[in-house]
Amino acid sequence: MHIHAYEKLWLAASVLLILFLLGSVTYGAVGPGVAMVSDSEPAIDAGALDEDDRFSEPRVEQVGENEYAAYVVARQFGFQPDPIVVPANSTVTFYVTSADVIHGFEVAGTNANTMVVPGEVSEITVETDGPAEYGIVCNEYCGAAHHAMEGKLEVVSQSAYEERASGGDGE
Amino acid sequence: MSEAIEGDRTFADKFPEEARVVRAALLGSFLALTLGAVFGIIQTLHRTGVFRGLISSTDYYTSLTAHGVFLALSFTTFFLVGLFTWAVVRSLDRPVIDIRITWTWYGLMAAGMTMTGISILAGFVNELDMSADVLFTFYAPLQAHPMFYAGLAVFIVGSWIAGADYFRTWLAWKRENPDERIPLQTFMVLTTMAMWYIASSAVAASVLIFLLPWSLGLIDQVNPTLTRTLFWFFGHPVVYFWLMPAYLLWYTVLPKIAGGRLFSDPLARVVFVLFLLLSTPVGIHHQYLDPGIAEGFKFISMTNTMFLLLPSLLTAFTVVASVEYGARQRGGTGLLGWLTDLPWRDPAFTGMMLAGLMFAAGGFSGMVNAGMNINYMIHNTIWVPGHFHLTVGTAVALTFMAATYWLWPQITNKPIYSRAIGLVQVVVWFVGMALMSNAMHAQGILGVPRRTAEPEYSGFDYPTMFGGFEELNIQIAIGGTLLFVSTVLFIGNLVLTMGNPKISGLAEELPPALSGPDDAPRVLDNLRLWVGIAVTLVVLAYALPLAAIINRGGLLGPGVGTFPVWLTPVLDALANGAAAVVGGVVDASASLAEVVG
Amino acid sequence: MGRNETAHASAEDVGGETEEFDPIGTLTLIAIYFAILVVSWVYIYYIEFLGRDLVIVG
Ligand code: HEM
Ligand SMILES: [Cu+2]
Ligand SMILES: [Cu+2]
């Protein structure tokens, strides 16, 4: 089969490009340590979230030294808790599930983004920097008022967080 | 025209029966394009906040479902079956086996799409207890009216019969020409349809085993991850199903219009074989951010996806080289000076070239989509529609429109009403898409979600980069408007063309390739072998993920409800009724209290 | 139109030309495209994506 020399050159360049792309993604995974949402959490009964100790009461909880867990429920058409308040400079793991249909959970303008599927729990861990406020949007169509489905993520200073937590104002 | 010598006879002269089917298919396709463009402009103006007076934000999703289904499924597929019928019959130079079978698949596809279309459009009519606002991906547990799924099933079955029609026609030709290589266009059609059988089997299974019985109430619930995975098993290869007919045109028609010939027939075959092999075992890349699927499966899918770039990168070279050859035949010189020696006044040429240029840009955003972890940045943002309006919305759609300027005269014997309008049309599409798609990509990076009637929120503002949210909205609205204008020009031109008288002398020949099929190893034509490997790859890529999904959630899902969008009007009516009763009681007791007081 | 491609494409028909045509313009264009792809990718992956808030690390 006759292939022109230039085309062979291009073929080689293309393969290099592909390897470069794969290499970048692999670097992202092992260097900065970007991990994918996966099957780390067992399946769950979406119809019985109110009997589940994590999701019957959606909340943020301290689970280790400077480590927090946020148990979030997405349902037509909102997120609980709202706002989600977490301390600055900490490690936060979101466990997000749906009580009804498929939703999205996207902290707008950041890399925190996952599908939310009924019967599954999406687990994503992030490290927060300084205090900041972010919007949360549902980025998967979930029904007639999908566009109204939003929430808030507030990253507050450690002291403000403790104040709010001990103040017990129902976060 | 009957006196015309062989080479001067158009397709319509030689194969009038088939030409009628091709015309019918193309007209069906353009009807879908028209409807889709109307919804396209409505939703563009709505989501950008420029004009929200025409539909409510709830009906936005009816419009979006219609836009997605009519354009992505109906416009593309009807054009494709028409084009393929032309390509098979033309390149084999023999009629289809039995024209009644050809009309049968056309009828089935039309009937199926009509059913689905009615179930969607009924969503605009509140009095009708029917709706399918589930978008063209129909993710369970959102549930459409049963007719939506039934129509899809009929449509797909129709497309299968079309594939069988092409295969049987080819087999008949093969008996007549035992030692010949498969002509290139037929080869492209057959590999595409083989890929389609593999791909569409999954969505057909999803619809027939799960979604249709569920919407009819025969089963209580489905596993949302399973039906979603079966959708994407089909949903990625379907983008190649749209693209491969465009490639067929770029490989076999564009070089001719440029005044040259295809650079390499063997490489074209290799490219189509690669598509057949690699299009399907990649669908999980649409589920990078899905819970319940192991990271390893996602990584494998990414690797396959990245190698699927190869056939497209090769195509870029081969097609441009063929065009360069044409330019040099026309006297073009210099390193890049030959670019000025091309027939830029020909809408068919310019349209396809601009489509190819947009595809190159879409190639970049596609690489980003494919890069597993970078998907966090853009998943389900408006970046994604930005991407596929470059690929299917331009590389495919604009190529189809441009090719129509070349093909239509040959299946009707009528010259195009105005080639000048055609030229304006393709350029306007390009400019409109450049604006709309670019701004969509930029908004996506800001985090603006797709599929959202009012993407501005009460609780926060988007960050500002590459221009703010509002400014980008204006760009999207202007771009969308230009696209709509372009569609109107296209359809208008075509309608006026139909009024033209028939003339002779419109026949076009397609020249053979520079490096012809004799340079291609025989094994390339061994379709059985390639289909076998393709199926093996699919099994390797999907057996474990599907088993894991079923193992986790069960065939029918882990305790998931049913959320019929099509019962909402009934529920609303009930609620209104209840409110009226309650209101009445309240009023009555109030007046009672007054009386008593 | 009509007669299928295979019937045409005998070696004599196209033969010698194949070796003579060097698509140098195409090679140039595609090299430019390659450069754009690499630069854009480096920007979007290493600067835009990895530079954003809330990188998922687990
Ligand atoms: C008149 C030209 C067009 C305009 C103005 C237009 C506009 C749009 C807009 C603004 C969206 C995004 C809506 C959202 O996510 O909220 C969209 C989605 C979409 N468009 Fe287009 N478009 C046009 C042509 C096309 C063409 C030619 C195709 C394909 C052949 C196409 C296929 C799609 C698909 C598949 C979606 C996604 C639907 C979904 O998310 O369910 N569009 N279009
Ligand atoms: Cu939503
Ligand atoms: Cu895909």
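Yeah, the Cβs are placed from backbone N, Cα and C, and that goes for glycine too.
Note that the coordinates shown come from a computational prediction; the quantities given were computed from them, not determined experimentally.
Here TrEMBL flags B:21-45 (among others) as transmembrane segment.
The domain 'Cytochrome oxidase subunit I profile' feature in TrEMBL is assigned to B:26-524.
The transmembrane segment feature in TrEMBL is assigned to B:65-89 (among others).
If you look up TrEMBL, you'll see B:101-126 (among others) marked as transmembrane segment. Beyond the ends of the transmembrane segment (B:101-126), by six or more residues, the same chain brings 18, 21, 24-25, 28, 32, 35, 55, 59, 61-62, 65-66, 69-70, 73-74, 77-78, 81, 85, 132-133, 144-145, 147-148, 150-159, 161-162, 165, 565-566, 569, 572 to within a C-beta distance below 8 angstroms of the stretch.
Taken from TrEMBL, the feature transmembrane segment covers B:146-167 (among others).
Annotated transmembrane segment per TrEMBL: B:187-211 (among others), in sequence order.
If you look at the transmembrane segment (B:231-254), the same-chain residues 6 or more away from its ends with a CB under 8 A from one of its CBs are 72, 76-77, 79-80, 83-84, 87, 137-139, 184-185, 188-189, 191-192, 195-196, 198-200, 202-203, 206, 262, 268, 271-272, 275, 279-280, 282-287, 315, 318-319, 322-323, 348-349, 352-353, 355-356, 388, 391-392, 395-396, 399-400, 403, 406-407, 510, 542. Taken from TrEMBL, the feature transmembrane segment applies to B:231-254 (among others).
Under 8 Å from some Cβ of the transmembrane segment (B:266-286) lie the Cβ atoms of residues 184, 187-188, 191-192, 194-195, 198-199, 229, 232-237, 240, 244, 247, 251, 293, 297-298, 300-302, 304-305, 307-308, 310-311, 314-315, 318, 369-370, 372, 513, 515, 517, 519-521, 524-525, 530-531, 533-534, 537-538, 540-542, 545, all in the same chain and six or more residues away from its ends. The transmembrane segment annotation in TrEMBL covers B:266-286 (among others).
Marked as transmembrane segment by TrEMBL: B:306-327 (among others).
As annotated by TrEMBL, transmembrane segment applies to B:348-368 (among others).
The feature transmembrane segment is assigned by TrEMBL to B:388-408 (among others).
Taken from TrEMBL, the feature transmembrane segment covers B:420-440 (among others).
For B:474-496 (among others), the entry in TrEMBL reads transmembrane segment.
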Using a Cβ-Cβ cut-off of under 8 Å, list the residues of the same chain that are 6+ residues beyond the ends of the transmembrane segment (B:65-89) and lie near it.
11, 15, 18-19, 21-26, 28-30, 32-33, 35-36, 39-40, 43, 95-96, 102, 105-106, 109, 113, 116-117, 120-121, 123, 132-137, 155, 159, 162, 165-166, 169-170, 185-186, 188-189, 192-193, 238, 241-242, 245, 248-249, 252, 392-393, 396-397, 400, 403, 407, 411
Residues from the same chain, set at least six apart from the ends of the transmembrane segment (B:348-368), whose C-beta lies under 8 A from its own:
246, 249-250, 253-254, 257-258, 306, 309, 312-313, 316, 319-320, 323, 342, 374, 377-378, 383, 386-388, 390-391, 394-399, 401-403, 405-406, 422-423, 425-427, 429-430, 433-434, 437, 441
Given the transmembrane segment (B:146-167), which of the listed stretches B:21-45, B:187-211, B:306-327 has the most Cβ pairs that are under 8 Å apart from it?
B:187-211
Going through B:187-211, B:306-327, B:474-496 one by one, which has the most CB pairs that fall under 8 Å from the transmembrane segment (B:21-45)?
B:474-496
Intrachain residues whose Cβ lies under 8 Å of the transmembrane segment (B:306-327), provided they are six or more past its termini:
247, 250-251, 254-255, 257-264, 267-268, 270-272, 274-275, 278-279, 282, 338-339, 341-342, 353, 356, 359-360, 363, 366-367, 370, 514
Give the mean pLDDT for the domain 'Cytochrome oxidase subunit I profile' (B:26-524) on the 0 to 100 scale.
95
